[in-house]
Amino acid sequence: MLMATSWMLMATASSSSRVGADGLRPKKGSRRNSAFVILAERKSQALPSGKPKMEQQSPTKKEGRLTLVLSLATLIAAFGSSFQYGYNVAAVNSPAELMKEFYNQTYYERNNNYINEFSLTLLWSVSVSMFPFGGFLGSLMVGPLVNKFGRKGTLLFNNIFSIVPAILMGCSEVARSFEMIIVSRLLVGICAGLSSNVVPMYLGELAPKNLRGALGVVPQLFITVGILVAQIFGLRSLLANKEGWPILLGLTGIPAALQLLLLPFFPESPRYLLIQKKDEVAAKNALKKLRGWGDVGSEMEEIRQEDEAEKAAGFISVLKLFSMRSLRWQVISIIILMGGQQLSGVNAIYYYADQIYLSAGVKHHDVQYVTVGTGAVNVLMTVCAVFVVELLGRRVLLLLGFSVCFAACCVLTAALALQDTISWMPYVSIACVICYVVGHALGPSPIPALLITEIFLQSSRPAAFMVGGSVHWLSNFAVGLIFPFIQVGLGPYSFIIFAVICLLTTVYIFLVVPETKGKTFMEINQIFTKMNKVSEVHPEKKELKDFPISASGL
């Protein structure tokens with residue numbers, strides 16, 4: 001899997017570098033053209049006059065190269081963190097009845113009577129909901145941890161605590177303790193809340209600007225792979241049986257252990273090292289390892305420019321993030337995108353899918369295989385997103401994805417309402433489920449976290465991930481808690497609510513969200529400067545008043 005993904009990233013880098021090279025040509029008379037002139041003058045002053053012209057241009061020609069170090073750092077970070085997040089999302093689905101039986105039997109051994117139906121349902125609901133609740137708590141920890149330990153350091157710190165609940169869940173059946181499962185679900189949720197925010201931040205700061213989109217989608221790819229692997233291992237013939245379910249839950253510790261062993265050999269984020277740790281030597285060495293060449297002067301200069309621009313900011317708290325006019329539309333955008341991602345009905349679709357398959361005539365025993373097939377479609381379409389995100393851009397994928405989800409929800413509502421009247425309607429319902437999965441995997445799933453990295457600068461990025469992550473996990477928790485009641489009340493018309501949310505999110509993206517493909521962090525923030533109707537990127541900081549748009553860098 002890792003080798004296949006590495007090859008895929010290499011292929012993406014090849015096409016992206018061609019697109020990026022074209023994107024570097026300034027238009028005559030444009031503001032960006034003046035930025036190129038400024039940058040060229042700086043480079044010419046820094047180089048000896050005797051250097052030939054071709055040699056002076058070499059850093060620009062090399063931009064966008066996907067090196068072995070960069071690809072391995074991406075794969076290890078995504079496999080060790082994002083994979084286990086996806087795995088834990090799906091791991092408890094298949095053995096649910098077996099685990100409820102274990103809860104009941106354990107209660108009987110302690111009290112000499114079985115637990116009543118309501119209490120058993122409540123215990124199971126708590127076990128499932130502890131994961132998104134832990135994710136919310138983990139999101140609140142992102143800012144302080146990444147500022148103190150760094151991006152890589154936080155992932156390593158997180159891995160230690162990921163291994164502990166894996167051991168607890170694996171031993172829960174032997175220990176005859178369902179409480180161990182509930183506590184462990186909370187702990188793995190906290191770890192998932194951290195990793196789902198830190199991995200996109202880490203990879204976004206490692207990647208050159210023309211590969212930032214492709215590498216930014218990789219975490220979502222590994223989340224879908226984790227879900228698929230959990231679905232496969234969760235087949236009744238493998239681990240979803242009386243002896244195997246504790247092993248199924250405990251396997252989540254293996255990716256964390258591998259990352260804990262391998263990630264220390266890879267660089268920390270150069271931006272964190274230079275801007276926050278003020279360690280120019282370490283930042284330069286990290287860039288050299290990541291880019292595969294010694295001349296990283298232009299990228300170092302771009303990071304220094306951002307450092308100068310952000311010098312007065314320090315640590316921006318969540319409270320301050322909401323109060324800064326210069327970040328108004330960025331904050332609104334991440335709230336709507338992360339909320340729209342979860343409230344668009346993705347969890348409800350998976351919740352309802354088994355009933356749809358059964359109504360179409362799929363045998364109860366075979367539903368598990370259809371579920372695995374749906375997971376495979378999800379992985380395949382996320383792979384497509386890795387390839388096309390740097391070609392089509394973020395905005396197009398978001399608009400396309402939410403539009404497909406809107407259409408799928410509308411048709412699914414009609415199909416569910418008519419399935420008892422028209423014999424072939426259940427097959428339309430299955431097609432709607434597949435179309436929804438395709439649409440969500442292309443845009444709403446992978447792009448929002450990538451955009452958080454891109455539309456915020458270094459000082460505000462951790463707080464932005466705290467906000468985006470909190471919205472993500474709270475929305476996830478709310479859908480899981482409320483949808484069963486909506487389903488009882490509205491029946492087949494439940495998906496109308498999700499269709500409306502998809503439509504409203506699509507309209508917002510069309511009207512507000514700009515394209516960020518191929519732009520530096522400073523260039524993206526200059527776009528939002530105009531949207532926020534302020535004269536600088538941060539009017540609170542006079543250092544940015546005359547700051548030029550940079551044309552190179554990460």
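Cβ atoms are placed via backbone N, Cα and C, with glycine included.
Marked as domain 'Major facilitator superfamily (MFS) profile' by TrEMBL: 74-517. Annotation source TrEMBL lists transmembrane segment at 66-87, 122-143, 155-175, 181-203, 215-233, 245-266, 329-352, 367-389, 396-418, 424-442, 463-486, 492-513.
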Chain residues outside the transmembrane segment (155-175) and at least six past its termini with a C-beta under 8 angstroms from it:
77, 80-81, 84, 102, 145, 149, 181, 183-185, 187-188, 190-191, 194-195, 198-199, 202, 245-247, 249-254, 256-257, 259-260, 263-264
Counting Cβ pairs under 8 Å that sit 6 or more residues apart, are there three or more between the transmembrane segment (215-233) and the transmembrane segment (66-87)?
yes
Dominant neighbour of the transmembrane segment (329-352) in 181-203, 245-266, 367-389, 424-442, 463-486, by Cβ pairs under 8 Å:
463-486
When you scan the chain for residues with a C-beta under 8 Å from the transmembrane segment (424-442), skipping those not six or more beyond its ends, what do you find?
224, 344-346, 349, 353, 356-357, 359-361, 374, 377-378, 381-382, 384-385, 397, 400-405, 407-409, 411-412, 415-416, 418
Contact set, same chain, for the transmembrane segment (492-513): CB under 8 Å, 6 or more residues outside the stretch:
329, 332-333, 336-337, 340, 343-345, 348, 352, 394-395, 398-399, 402-403, 405-406, 409-410, 412-413, 416-417, 419, 444, 451, 483, 486, 531
Take the transmembrane segment (367-389) and find every residue of the same chain, 6 or more past its ends, with a Cβ under 8 Å from one of its Cβ atoms.
8-9, 11-12, 15, 90, 94, 213-214, 216-218, 220-221, 224-225, 227-228, 231-232, 234-236, 240, 350, 353-354, 357-358, 397, 433-434, 437-438, 441-443, 445-447, 450, 517
Tell me, roughly as an integer, the mean pLDDT over the domain 'Major facilitator superfamily (MFS) profile' (74-517).
87
Please indicate, using numbers and ranges, the residues of the same chain that are 6 or more beyond the transmembrane segment (66-87) and have a C-beta under 8 Å from a C-beta there.
1-2, 5-6, 9-10, 12-13, 155, 158-159, 162, 188, 191-192, 195-196, 198-199, 202-203, 206-207, 211, 215, 218-230, 251-252, 255-256, 258-260, 262-263, 266-267, 289-292
Cβ under 8 Å to the transmembrane segment (181-203), counting only same-chain residues 6 or more beyond its ends: which ones?
73-74, 77-78, 81-82, 84-85, 88, 92, 99, 123, 126-128, 130-142, 145-146, 151-152, 154-155, 158, 161-162, 164-166, 168-169, 172, 215-216, 218-219, 223, 249, 252, 256, 269, 449-450, 452-453, 461-462, 465-466, 468-469, 472-473
